[in-house]
């Protein structure tokens, strides 16, 4: 990461008066979180330290743990027949996430990557909302990681406490077990957190564009020009293309690896010669929950921003048709002209549709009331709607739009595989 990692936002705000942000936007917790996982690569020493931690915790510890502590001669409660799948899955995702984060930091820097350098061009409402989301990012990481870490810690402590005499050790048995257990937990925490952190980075970049889309939707409720609407939409659309390009490989690899991991785990647990119980499959189920959760964070963010971006088309079409209808009414059937003035098209209390059918995340509010008919001419409004219809914005992965249909299909498959695995674990527990 660049030197700006030490202060993700400019400390001297007086040099940029338009860039006024709350104190919370200094992102102290965010910066500390990045340093905690050794993702600061602002100089050669920190780059070496970062990669050293990665090789030790994401590759070295899992390999040693698997081959030295496989415990094939232990009783059935302490055997780990699925350890290879767990270690390979976590290490693969850690490698993809770490390489992606390192590449993004080296190429763009954190401020540019999270579009923090563009906040001076947005409204105070958008800036404040993004600041709140950035403040919650590390809390969100803890919410997803700490419960799984508690379960993993309980399993590891139980495994070493009840099978100490069967588990290989060096020197003093208790000291050896404590050190190895701590290294395994550190490795698990590092690998899982790296993957979830990369997913949260993606969620953050998407959330800023969602805020900008919500702010952009307000232009249809006031007098404005097509030129300014088109210019802002082009800026947002360009940002969506940038996000899609930066994250496309990460999203595709995450989807492929999660699905492959789930299928492989399912095939192993459904073999007739394999005994399935909570002691053996519990860690595998915990790994699957973590991976599916990270994938869901990414897919939900991509789908949400695509839905918001495409809702703009419906909003513009409603604005156009309301203005056209009112223009004809005012002109008594004559051809509408740009000079026709109507301070209010429809009463604000008119309810065209039932509130029960409204969706909270839809920009196309059924109670929207266009105010000015003379804002732009019919031809310009029609041209804008045609442009929006033929230039659908959203998140893409190598040209494929990530929309609600896609996420429903993908999440249905992943959830079915996860629930099948959890069902086998819980059933055999009883």
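Glycine residues also receive a Cβ, built from the backbone N, Cα and C atoms like all the rest.
Checking the ranges 18-39, 84-105 against TrEMBL, the transmembrane segment annotation falls on 84-105. Checking the ranges 224-246, 247-269, 316-338 against TrEMBL, the transmembrane segment annotation falls on 247-269. Feature transmembrane segment, per TrEMBL, maps to range 173-202 of the set 173-202, 353-382. Below 8 A, the CB atoms of the transmembrane segment (247-269) and the transmembrane segment (84-105) form 3+ pairs separated by six or more positions in the chain. Put simply, of 49-69, 84-105, 281-299, the stretch with the most CB pairs closer than 8 A to the transmembrane segment (140-161) is 281-299. Long-range contacts of the transmembrane segment (281-299) within the same chain: residues 80, 82-83, 85-86, 89-90, 93, 144-145, 148, 151-152, 155, 192, 195-196, 198-200, 202-203, 247, 251, 254-255, 257-258, 261-262, 265, 269, 402, 406-407, 410-411, 414-415, 417-418, 421-422, 424-425, 428, each at least 6 residues beyond the stretch ends and with a Cβ under 8 Å from a Cβ of the stretch.
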